[in-house]
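Novice: Before anything else, here's the structure in question.
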């Protein structure tokens, strides 16, 4: 890629972008507005409204209860597609259900039950809070030691840190493949190998990775994973999450929320819980079908584009962000808050600035650039390769430079809104 | 079909105060069915019919709130607070004052939260979870898993005996307000009072009662309750369930699922879990917004509807259906397992019959949709917001035809 800060660099990248046509498959109502927050909530795919209308009017309104004949295995079918196209997993290893927090709880508890003689859980103190809270709850309830590793806020967890914390007492390691704040990308194969050497299990949170970077659950020997579908997978607000359990492990593990969707011969209504041997044993209950349905057309776009091509573009988009930040923003009080090498990041880049919150607000309201803020002082810039153009990134960085130079943001309230 | 019964049905429909409410639902719309041959849908106790406003609201949520406002909608469209807001909309239907109901996750997950939290709140030394012996299976499985996690044992007890069986070892009893198979309505005030007298808590499962009959959680001092929203509340397939936590118990509600949505400062990304005040400590992860707001729109069908009128019609409909069955179906072919006594009846009629599976398939073939519960039960759900007396008659008449 040509190094340079001229807009023509971005224009050339757009002209050569094999994924450029995918932008039209999303609803873009205001072309002036630059949306760099697809790492929080992905854009609406153009095919989604019609699909949902058909499910509501045809499936629910017309078919009524009979439609469950069709709907009942949607979680499994979507899981199979995720496994095949997004997660590098094998058939029968992924299912879509519940929220990420609930899936994390189920798999963590199942893994801890299977390792009764070990008493340590390793987590990253800088991981997304729900992961920490859920594990804090499980550790407290079971009297386990929760060892919180303090990873570098910008550069992520280092292999040496993990290595020195792993021993024969560790039952479970919970880590995000891509850090929600810095975007730091871990080496899944290396972490799995380190953990395997001491007999510990790793539970991966793939929320900020899936659909942005290639994930190879099967090839890296990963055993457990969860993640959400509303970021780079564009499934819509609060769309159901997924979980992965390595095939060889499924029958040995039992998740703790015993619901009827995990039951053998579910409609026999047997009195004793007797879970199926397959991945569906990790299901609990009736899925929120309309939210689930929205994943289908969204996933079709990722499948068509292919994660390899998405990643290739994501690397270039990320590099454009950091090149422009390096050249323009240093004197304005910014510094990079992400790993420097694009290969060590997911699709988003974080910048440090002491006034990140107010700048983020000013960017959105004065400059029509939507990115997001993360405590304490980080601006997250999240290009989503399926619909973000290189020229959008260039323009966004240019507008950011202007907002930071004008310093109008200093008159904005410093109080955070309820949802950041 | 008897002319007298048909005249009665038409008269009853003519006098029905809720008759117009049926217009709020998208029924009779199937394109492959000739006009006048509309289906009789008696499975609203499994999946409620589609209220008219839902499709337009969902379109607005998707195209404007998600498509145009995107991330801003978490604040500006009130997505973040939807679980409590929709909860407050359900609250009057179950006799709860505001601030005690939160929506999200499935019924099973909420039963799990409620049972584990109840055991944690129960007096020390109690190690027994009582569960309705005839419960819908998921409640029984969840009770087992919650008990296992909290070091308790499960003891199945018939719901009618629950009040007598609650004892000094009981931490919590999990009871269905209406039995899913038989349609029997259980004694909520009496069982709750007996449990409290014994120092135990009660979790009520309202899946088959909410929206079908008056439920008075506050009045009877119920501790915790859960229920689904896709039956009598018509929230749509798999619409999220709700959890009721009585106000004075909220500070002690210790969820087994301390996800970030229940944190006092979810975006502070704080190192330690600190639960929020109030009912939102029943939340876990990011709410399933599309399903939740479809439910929100569906609840508009209840505007101006008095639950007492619903109950009155429900009993009249089920009475009339039983009367039609008695008159039209030859003796001895079916037997009602739903109590005849009003005080013991929910809003369904369950008939035992030989070959019930094939009989139900034949009924559905002829446009009468109920459901079959193993081994031998035909279940007919009466949803007073949109079921007519002529529907009850036609169902009984078709059943008689099929059985002859």
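From the backbone N, Cα and C atoms, a Cβ is placed for every residue, glycine too.
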Novice: In TrEMBL, A:100, A:101, A:205, A:208, A:230, A:260 are given as binding pyridoxal 5'-phosphate, so which of A:120, A:220, A:286 is in that site too?
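Specialist: For pyridoxal 5'-phosphate, TrEMBL names A:100, A:101, A:205, A:208, A:230, A:260; of A:120, A:220, A:286, the listed one is A:286.
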Novice: In three-state terms from DSSP, label residue A:208 (pyridoxal 5'-phosphate binding site) for me.
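Specialist: Its secondary structure by DSSP: coil.
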Novice: What's the most sparsely packed of the binding-site residues A:230, A:260, counting other C-beta atoms within 10 A?
Specialist: A:260
Novice: Write down the Cα-Cα distance for residue A:231 (N6-(pyridoxal phosphate)lysine) and residue A:208 (pyridoxal 5'-phosphate binding site), rounded and given in Å.
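Specialist: A Cα-Cα distance of 7 Å.
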Novice: I want to check the contact list for residue A:286 (pyridoxal 5'-phosphate binding site): same chain, sequence separation of six or more, C-beta distance under 8 angstroms. What comes out?
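Specialist: Same-chain residues close to residue A:286 (pyridoxal 5'-phosphate binding site) (Cβ under 8 Å, separated by 6 or more) are A:261.
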Novice: Taking Cβ atoms only, which of the recorded positions A:205, A:208, A:231, A:286 fall under 8 Å from chain B?
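Specialist: Cβ contacts with chain B under 8 Å: A:286.
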Novice: Are there residues of the same chain, six or more positions away from residue A:100 (pyridoxal 5'-phosphate binding site), whose CB falls under 8 angstroms from its CB, and which are they?
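Specialist: Long-range Cβ contacts: A:130, A:205, A:207, A:226, A:227, A:228, A:241.
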Novice: Relative to the Cβ of residue A:231 (N6-(pyridoxal phosphate)lysine), which residues of the same chain, six or more apart in sequence, are found under 8 Å away?
Specialist: A:38, A:39, A:40, A:41, A:42, A:207, A:208, A:210, A:211, A:212
Novice: Provide the number of Cβ atoms within 10 Å of the Cβ of residue A:205 (pyridoxal 5'-phosphate binding site), excluding the reference atom itself.
Specialist: 26
Novice: Can you tell me how spread out the pyridoxal 5'-phosphate site is, meaning the largest CA to CA distance among A:100, A:101, A:205, A:208, A:230, A:260, A:286, in Å?
Specialist: 30
Novice: Counting across all protein chains present, how many other Cβ atoms fall within 10 Å of the Cβ of residue A:208 (pyridoxal 5'-phosphate binding site)?
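Specialist: Result for residue A:208 (pyridoxal 5'-phosphate binding site): 28 other Cβ atoms within 10 Å.
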